[in-house]
Amino acid sequence: MKFTSALLSLAACVTAAPVTELIERQLGAVGTTANELSVGSCRDIIFIFARGSTEIGNLGGSVGPPTCNGLKREYGSSRVACQGVGGPYDATLGANLLPEGTTSGAYNEAIRLFALANTKCPGSTVVAGGYRQVTFCQGAAVMVASIRRLSSTIQNQIAGVVLYGNTRNAQENGNIPNFPNEKVETICALTDGVCYGTLTVTAGHLSYGDDVDDAVDFLSDRIGDA
């Protein structure tokens, strides 16, 4: 039964509707890839995001780009740098079966980006996000595994983290171990069975695009408190 649920979850993850690069370019917005921290100059706000499994680019095609663009609309594009977790994090499905839901290479790449933000732009406010759309989409796992390992100095620069969907929500009360609870917002749809301690795959898995505005509001509140 668990194996069947896993297969259904993988299928749901693969079929998540993408936001195409063409549409984003036409709107003058960030698309599926963003490297504004790694190749750009420092900005007031840095947003680091880990996409879900099988998603393209380094921001993905679902909630990553609109969260980035929502922050840019809120604060102005010139003040917000968006950075996706790429490189060793290739968002393959198989990595979801590992004990931490992702590979050490993936979370170490996220750690590298948080450290880069701290050394390159120590005066910037950092916010982050990850997408664990269904049971085996690992973006949120990358964020949880990386942030819990950061030094207190680097953690202190992070104002807020949004996790879209989280199969560990019930077990960890929507938190990240070794990180302040008030800085974390886990968004779990009421119709998303895996967020509430089951392996039931429901339509709520695919609904997180509707929650982007709430995520941006939370991050904005945290930025305001930083």
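Any Cβ shown, glycine's included, is placed from N, Cα and C.
Bear in mind that the values here come from a model prediction, so they are computed numbers and not experimental data.
Take the candidates C42, C195; TrEMBL pairs C121 in a disulfide bond with C42.
Note: the Cα of C121 (disulfide bond) and the Cα of C188 (disulfide bond) are spaced 32 Å from each other. The Cβ of C42 has fewer other Cβ atoms within 10 Å than any other of the disulfide-bonded residues C42, C121, C188.
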